[in-house]
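Quick look at what Swiss-Prot annotates:
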type	residues	note
ACT_SITE	Cys111	active site
ACT_SITE	His236	active site
REGION	237-241	region 'ACP-binding'
ACT_SITE	Asn266	active site
Amino acid sequence: MGTKIIGTGVYLPKNVLTNFDLEKIVDTSDEWITTRTGIKERRIAKEETITYMATQAAKEALREANLSPEELDLIILATLTPQKRFPSTACLVQAQLKAKGVYAFDISAACSGFIYALDIADSFIKSGKAKNVLVIGAEKLSEAVDWEDRSTCVLFGDGAGAVVVTRSEDKSDILATRMYAEGSLEELLHADNCGYIRMKGRELFKVAVRSMEEVCREVLEKAGVKPEEVSLVIPHQANVRIINALAEKLNIPKEKVFVNIQKYGNTSAASIPIALHEAIKEGKVKRGDLILMTAMGGGLTWGAVLLRY
């Protein structure tokens, strides 16, 4: 019995904030942002709530999966920007989908949230407790940044991505997962008392590259897969320098690493499902391909998922 992705969906706010727009807000420049992060623009939700964005992404994923909301057994939503303290955003999405009675909860693992949630979904399916699971990563980070702090406000964007996974008897499967957390390093990336994102970029860069390389090698070894056998790496879209350094450490050519950070910035838990959806639609992922996903986020949290699409 395997866990198969049968539908993906995204929602990206229509409002685009470019680096040139940011030049008018803080002391920065397009050149400074691009050379250090790879980001050219990001989406900013104005009227859209996180519940709305997550629901739209979920509806697209369900349509592609040819499932009705009532056929779901579980909804897991990863976010660090929930709409309310409670109830969970997953419950709000459940109501919008009219998925009456479907088990729903949020998880908080920052930028690692989506792969944490996918790991949980895989466990539910393989234990026999669920057949169809909706996994969502959604963020409204524009409400969590200090727009006077040029070191962070240039990095983040809003959006949502969703996947539907189901029990499968074919070759498609989540082959290996590994998740980690290290709370003693929380000061490297955290929210301050005002709820604004604060980070120590240089220290975080080193930890991120090393930790993601190690966990990627761990899941590859667990599955008996060599790095050169991977069809596509879909990393969390945090910083193009981190992505490039990770690819170099794993000795994986850049053409086998998916990057869309230039369009959306860092969307935290939403970044990997958005990237997966785009990679599929662009023909860069096909059935039978080996896909390696990895992320690091506040916590610190990090992990990797190896799947056969």
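Placement of Cβ uses the backbone N, Cα and C atoms for every residue, glycine included.
For the region 'ACP-binding' (237-241), the list of distant contacts is 36-39, 111, 155, 205, 208, 259-262, 264-267, 271-272, 275, 296: same-chain residues at least six beyond its ends, Cβ to Cβ under 8 Å. Within 10 Å of the C-beta of Asn266 (active site) we count 24 further C-beta atoms, all protein chains included. Look at His236 (active site): DSSP puts it in coil. Separation of the C-alpha atoms of Asn266 (active site) and His236 (active site): 8 Å, rounded to the nearest whole number.
Around His236 (active site), the C-beta neighbours below 8 angstroms that are at least 6 residues distant in the chain are Cys111, Ser112, Asn266, Ser271, Ile272, Thr294, Ala295, Met296, Gly297. In the shown protein chains, 30 other C-beta atoms lie within 10 A of the C-beta of Cys111 (active site).
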